[in-house]
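Listed in Swiss-Prot for this protein:
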type     : residues                                                            : note
BINDING  : 9, 368                                                              : Mg(2+) binding site
BINDING  : 16, 192, 193, 194, 195, 196, 266, 267, 268, 314, 315, 316, 317, 318 : ATP binding site
BINDING  : 75                                                                  : substrate binding site
ACT_SITE : 132                                                                 : active site, proton donor/acceptor
SITE     : 164                                                                 : site 'Transition state stabilizer'
SITE     : 225                                                                 : site 'Transition state stabilizer'
């Protein structure tokens, strides 16, 4: 029987799970438990959510006691300065993760809660934390450093950490494999465009820039997050609108981005609203594309020479119009999109640039769960079935 890894992604009100065979590169089952802790929900907490996940797996004919389970992999958003490799979880590590909650108050606490519950319910297998920030741990100092008082930054560990690292690393490796070229011989730009969105510049397999910063709030316009913002807006709202820090943080994370501009964060529904002539929806889309093009142009300059641009995640993989508009008029910079390829259906990695485009443009489906599962096997010493 092949070894399997259960990958868990615990959010504040949801728990996603997937049972993966990392050697074969296949998913055995996947699901999500939502509305955890909501007043009208039958799922009161993460313990009940995990029990429900086990029940859903059982309904698919999967018994975690007999399916070859060797590890549980937990996605943890923020690893701070200490955690930059997949890490075997124990009480000491969990305590350190709890200390990092100040850096990621919206993301790390539910992940730690999910870890505690899973370790209690699946006590006989290894539990491994895989960090969103790990891939960007060694960003060049010029890219990682904020231009603020150095003593303050050092004392409070303020730097650009970057997120979606598991996805950016996976996609860059898949792009190299698709092109049949060594990873350390390519300069790449990866555009991870989903409800959360980020960009990265990767030189010869090593990240040299990324759009997210101390938190996942910086960078591109997202479904509900503002992305880049003048810090003066925060103090202005505090002084003049009498908004508290928590209120401002909640607005920037949950009521901004596409939702704040157009009242809609789902791009499929946004397009329907645009077709009705809604000017707010049209503006929201234009702001999103403008910010994306700005980062793309910046990263072309950072890399100097770029070999490939890859689109991934829900919007990047499925929205041909976003890809078209993001790359429009960039022939002079070496990017020539093939419109038929861009519009055509496809499964797996595929090229959407013309054959003579100096920079290859790809669509590469991400698979963070598979990447996390493989990281778990590496932590366990490359255990195989």
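Backbone N, Cα and C atoms are what each Cβ position is placed from, and that goes for glycine too.
Just so it is clear, the model here is predicted, and its values are computed rather than measured.
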Entry from the recorded positions list 132, 266, 317 having the most other CB atoms no farther than 10 A: 132
For residue 164 (site 'Transition state stabilizer'), nearby residues of its own chain (Cβ under 8 Å, 6 or more apart in sequence): 132, 192, 196, 198, 200, 212, 216
Spatial neighbours of residue 193 (ATP binding site) that are distant in sequence (at least 6 apart) but have CB under 8 A: 220, 292, 311, 312, 313, 314, 315, 316, 319, 322
Which of 9, 195, all binding-site residues, has a Cβ with the fewest other Cβ atoms inside 10 Å: 195
Fewest other Cβ within 10 angstroms of its own Cβ, chosen from the recorded positions 16, 75, 225, 268: 268
Three-class DSSP secondary structure - residue 317 (ATP binding site): helix
Recorded ATP binding residues, 16, 192, 193, 194, 195, 196, 266, 267, 268, 314, 315, 316, 317, 318 - maximal Cα separation rounded to whole Å: 22
DSSP state at residue 164 (site 'Transition state stabilizer'), helix/strand/coil: coil
Minimum Cα separation from residue 266 (ATP binding site), reported as the residue among recorded positions 9, 75, 225, 368 that achieves it: 225
